[in-house]
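Everything below concerns the one structure shown next.
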Amino acid sequence: MAEESTRRRNVSSTFAGSKKEEDFGYRDANGVQDDVDGKGLSAKHVKFLPRGQQHVRRRALPPPSTLTEFIQQNWEWIPPIIYTLLAAFTRFYQIGKANVVVWDEAHFGKFGGHYLKREFYFDVHPPLGKMLVGLAGLLSGYDGSFEFKSGEVYPDHVPYTAMRVILASFGAGMVPVGWFTAIELGFSQRACHLVALMVLFDCAWATISRFILLDSMLLFFTFTTVYGLTKFHNQQWRSFSIDWWFWLAFTGVSIGCVISVKWVGFFVTALVGLYTIEDLWDKFGELQMPVRVYLRHWAARALCLIVLPILVYMASFKIHFLILNHSGPGDAQMSSLFQANLRGNDFAQNPLEVAYGSKLTLKNMGWGGGLLHSHAHQYPTGSQQQQVTCYHYKDDNNNFLVMPRWDENDYDPNGDLRFLEDGDIIRLVHHATGRNLHSHPVAAPITRLNNEVSCYGNATIGDYQDYWVVEVVDDLHLGSKGNVHHIHSLTTRLRFRHNAQGCYLRAANAILPQWGWKQVEVSCVKENNPKDAHTYWNVESHWNDRLPRGEVKLYRSPFLRDFWHLNVAMMTSNNALIPDPDKEDILASTPYQWPWLSVGLRMCGWGDQQIKYYLLGNPLVWWSGTASLILSLMALGIYLLRMQRRYNDFEPGQFDHVMYVGKVAFVGWFLHYLPFLIMGRVTYIHHYLPALWFSVIMTGHLLDHFVFKSKRLSERTKWTVFIFCALAVIETFLWFRGITFGIEGPIKDHKGLLWRKSWNIY
Amino acid sequence: MEKPTNVYATGFILGALAFAVRLYKISNPDEVVFDEVHFGKFAAYYILREYYFDVHPPLAKLLLGAAGWFVGFDGQFDFENIGDSYTEHHVPYIGMRVFPAVLGSLTIPLVFAIMRECGYPTLIAAFSASLVLFDNGHVTQVRLILLDAALVFFMTMSLYSYVRFRKLRYWEFTFEWWAWMIATGVSLACTLGCKMVGLLTFATIGTAVLVDLWNLLDIRKGLSLEHVAKHFFARALGLIVVPFFVYLSFFWIHFKILTHSGTGDSFMSPAFQETLQNNEMLLNSQEIRYYDTVTMRHKDSKVFLHSHPDRYPLRYDDGRISSQGQQVTGYPFNDTNNHWQIVPTKSLPPTGRGRVVRHKDVVQLLHINTDSYLLTHDVASPLMPTNQEFTTWAVNDTTRYDDTLFEINIIEAHDGEPWKTKSGHFRLVHVPTRVSMWTHSEALPDWAFKQQEINGNKNAQERTATWFVDEIINDETGADLRNRTGTVEPKPVKQLNFFRKFFELQMLMLQHNAGLTASHPYASGPINWPFLISGISFWTHNDTQRQIYMIGNVVGWWTCVMALSIYVGIISADLLARRRGVYPIPEPLRNRLWNSTGLFFAAWAYHYFPFFLMSRQLFLHHYLPAHLASALVAGGVFNFIVSETINYPISIPGPNTRLRPRTHAELGVRSFIAVGVFVATLIAMFLYLSPLTYGTPGLDGDQVNRRRLLSTWTLHFAGK
């Protein structure tokens, strides 16, 4: 106890400010400090700014006259330049060695090619990354004609090396951005070097950057976002200055880019969001700040961190739509009107008015809706009749015929034309199987409260449950229901009411299990909600030889509608990527395995003659990162306990800074890791790569805090620790260089790589 | 009003009302309702002493079993379907229903007592209690043979004991202090013993304890570290160690009672099953010797390993090519094509123990009818390109000898353990390629008569690649198999360490709990619960148009939701104001709001939000514990709104406590009127919905329609 009281300093001074603390009970020490000295321009802030950022104005130096002087004056630029060069080495060295399509190049190479051919395609990821792949292809003279089949050898006309190099530049860019981020976080020189070395020599980051994939861009933009955030943090003492605005906007643009590459970018966005909320909360407590200024702070952030990213995101889609103006494999994901605008699409030439005997496809008009579909497979549950689904690709199984009721005369192909009108009661016959669209009071497989919809019977067998009432909602061209006499293809919005049950045909993005091929469930909803767009359908393709072809005219489809439609479709497909319990995916791994690096991933075939790449982190980087995260929590706990007992371990302001860096690292890691635990979709080891950056920051931070900035350790010890860590990271990379640069010859010849039994290297 | 006699009288009246409301027409309906299908059955198993498996811990079911035993239930009713008649089968179901109803009724005085002990005036306490008392949801749930009554009761008991414990803070380490702390611990263990949701109650109390300890640690309290440590260890003992042992004891009793083989056997490991009387493994498990002819079954799908002379087609529909070898399939029925002989790959002694097949032995499997060996090779299986095809190879052709070698890999076995029928669960691992023989529910096309596909799974440790030998058909001599081990009497029941049994069961419960993902028409997402968007249809009777529909009292639940949002509003406003240097709420009032109502709010949040993370199927009745907590919050908020004064002191002053002056809460006449009007509305709504709660009287279409207050309620017998 004696020791306790002697080491307790500053007690009285903090007491003064914390009279009100009693009632709170669990208020953190951080809050107390804020109350004491109202943050802002105080000296404490300046002290922990990195070198060169402290707002003691540097006197302008005379221009350098000799080379030595030049180097001396620009000394701070030397390390990043060297690291960039080294990064170019780890990312570009022998980049073209494997002349086959490696791993997901099969997808992204193909998507890139679509931009060159300007054919519309569909994918679950936003377009920016793939447009950059397309750009890389354009710059290197690729014509988009290669199929990118997995494992296939690249033909001569595909400049895959150049494409890989261009995309790998993003991977190389991670290293200098990492270095500058460390500087901005106020790390000591040694810690900065270690962080840069870890980014440079992590095998997983290097490997994934070397192929035609989106990950190098995702990582690069994640890095720039964090960099923007740290840079902005250091401008906080001079709010609304040019630099302040610049870095705030930089962060916003960066966020826009990262979410336009993959939606995983939302996690880093959440980090920026939390930082901003805390920042605004702090400013809310600054009583001397005028309300106007405070509101301006809000407005600035809303503008730069919300509006700007959304604009960037939407711009990437706008460009996407502008480039892809030809019909292609992804058409059916979009609304019929959008498709009608694509070149090579013949919707506009469909007969305009639908008649009995017409063959047509029906498009659901809900966001992300697909085409009404049926196929010769039965429901395993319910009625066990033939499945009816919503399908997002064009296929003969989407075709239905408009037929009269059983109690009417059979359709006569030579009789009078009879056009389809509002209120008609019809049968819809599936063209390929001849069965009738049918519903009955049996619970649908997923939305159990709705009726099941199936295909049943044939041309002679059927019953009253096959009848559907056509209800016109309105027409996008003709206007309200009153103007619609005949049903028009593409523009008339219809609903189908089941005549016997009174329920409405609906497809609302519920995904069927594997037995339904993960297609969208179609059911019959008992509630009549006239506003439910998921019960709206329109005629998309329409064939009828007896009717005149429609005139070619452009139907307009507004951008915002297409944008939103595509995003919902992406979301729906993303949700369909749930793991299939019946199917073992050898490549997949669970998030629990990542921090301990218990799995790697074979990126290509493992034959003796093939060049083999293995996606595996640098074990030292990964393990030290995980260890630091755990250690940081323990350290925080101990510091808080000590504060509660009024030991003073920090200089004024130091605690705030240590907490700030720790929060960026830990919260950043947490936000990039936890969602994968919760979400049900298939996960792979490369999903951990963005989170890894934050664990690396934490490693740097803890080494910096406990070793490099320690006042107790000698310079000698610091050097020893530094050199040891640096060499260990470099050595491990060199040991594992094969998995990054490509292993030639039989894998058995490369010994000593199996550090953990669970890696499937051999 | 605040005189002790008045307080007790109020509590008593509330309790009496609770009993009246919950026991009213408890015999109706005399049919199995909703989950009575499960929990009635489990109670019967305790009486029959047959082992069963369920995802919930045993306490509540033990109590139901005890209630059944007490009223003379003989266990001879299987609660098969909702709507099965009790009276026809002479089941004393009323006694079994009364027990949870009594627990459910006792919850009401407890709620009242919690509010009183926390210092709220009697009126406020009665307000909170009536929110639970006249709640259709609680009443529906506790009148039936279900677990929730016990769960909610013990949860309330935990909160009550903790409040009593906390009030003794100036009397630390006295007998009473210890007693209430251990009572808290025991109640927590009982809550957890009813359902795993009890963990959330642990989290609630745990948070409160941590905050408490954190304040004790504050240097300004002037306590030495040793003293704080003493507090810490006392709580660890009372709130962790004691509950743990109490929780274990439930399982100990559970295992002590369930000593006979029953429906739950097949969930457990062979070692566990052999501790149950009349278990099939115990009766029929025999050692297998070389040259025995056996049948093998897949553990999960129970199909036999089967082969027949038909061959795989050369080309499958998707264009892949097969070996055109003899088909090996999974077949669910007995057939001589299921017979396989175990052929050694090493020399055997002529007689004796050396002829027993053991763990890790490499064998060949001879298909008797077609005289060929089981084989697998690097050819894709018919349905899964990733897995290996299984086929057979003629006996006299030795070119593929290596590919016919399989290792018997008995699960959790030690080296040299003999392979037994029934109990010897094993994986059949192919020696050259290390794949495990595996099957899945997908059927092969017509060319294999829709039998199940057998293939080689590359994950040799695959959990579902488990097989067992069903039966020894005959051995090479053809002698009577029963005599060869020398004994024909039933073997004695084996013993297994209690902790091994406990951990095995606990792990299985967690696994199966997470696996309950099948969709259910009345399952609903947590976001719908507080607003009563949809209920659950428990029971219907077509002839009389009667139904039980589990739904809360709309007035009460929406009041609770409002109270919760007002609480969040007040707290946020307080935080924002203080951030701007304004202190709007007087200090004593604010303490009450943060600490006492805060505890209730935390209880609500802990019992509600974790459900958002659960992917299992969820039902409205999972919200009942959270609803009870929200009723407490409602009392606190109501008090804050109507009165600026509080009762003080609440904690029992110690010898050295310096007290601020004593104060009393003043509630105006208007509060009495407000509560009176509110409770009257509450009761009116309760009575209006009561036909859905009690399942009587029957309602015609129009009456049903009128009671369908929200369009999302899916009531039966609705009029057109």
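One is the number of the first residue shown, and numbering goes on along the chain from there.
Using N, Cα and C of the backbone, Cβ positions are placed for all residues, glycine too.
The predicted model assigns the domain 'MIR' (B:285-345) a mean pLDDT of 86. Annotation source TrEMBL lists domain 'MIR' at B:285-345 (among others).
According to TrEMBL, the feature domain 'MIR' maps to B:354-411 (among others).
Summarising the annotation, TrEMBL assigns domain 'MIR' to B:416-472 (among others).
Residues or ranges marked as transmembrane segment by TrEMBL: B:6-24 (among others).
Taking Cβ pairs closer than 8 Å, the transmembrane segment (B:94-114) reaches residues 10-12, 14-15, 17-19, 21-23, 26-27, 40, 43, 63-64, 67-68, 70-73, 125-126, 128-129, 132-133, 138-139, 141-146, 148-150, 152-153, 156-157, 159-160, 163, 628, 631-632 in its own chain, all 6 or more past its ends. Positions annotated as transmembrane segment by TrEMBL: B:94-114 (among others).
Under the heading transmembrane segment, TrEMBL lists B:144-163 (among others).
According to TrEMBL, the transmembrane segment annotation covers B:178-211 (among others).
TrEMBL lists B:232-253 (among others) with the feature transmembrane segment.
Look at TrEMBL and you will find B:555-577 (among others) tagged as transmembrane segment. Same-chain residues lying 6+ beyond the ends of the transmembrane segment (B:555-577) with a Cβ under 8 Å from its Cβ atoms: 131, 134-135, 137, 530-532, 583-585, 590, 593-594, 597, 601, 604, 627, 630-631, 633-634, 636-638, 640-641, 678, 681-682, 685.
Per TrEMBL, transmembrane segment is recorded for B:598-620 (among others).
Under 8 Å from some Cβ of the transmembrane segment (B:626-646) lie the Cβ atoms of residues 107, 111, 114-115, 119-121, 124-125, 127-129, 131-132, 135, 137-138, 152, 155-156, 159, 529-530, 552, 556-557, 559-561, 563-564, 566-567, 570, 586, 588-589, 592-593, 596-597, 600-601, 603-604, 607-608, 663-668, 670-671, 674, all in the same chain and six or more residues away from its ends. The transmembrane segment annotation in TrEMBL covers B:626-646 (among others).
Residues or ranges marked as transmembrane segment by TrEMBL: B:667-689 (among others).
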Secondary structure content of the domain 'MIR' (B:354-411), with strand meaning DSSP E or B: 6 helix, 29 strand, 23 coil
Any contact, the transmembrane segment (B:178-211) to the transmembrane segment (B:667-689), with at least 3 Cβ pairs under 8 A: no
For the domain 'MIR' (B:416-472), residues assigned helix / strand / coil by DSSP: 3 helix, 27 strand, 27 coil
DSSP helix/strand/coil residue counts for the domain 'MIR' (B:285-345): 3 helix, 29 strand, 29 coil
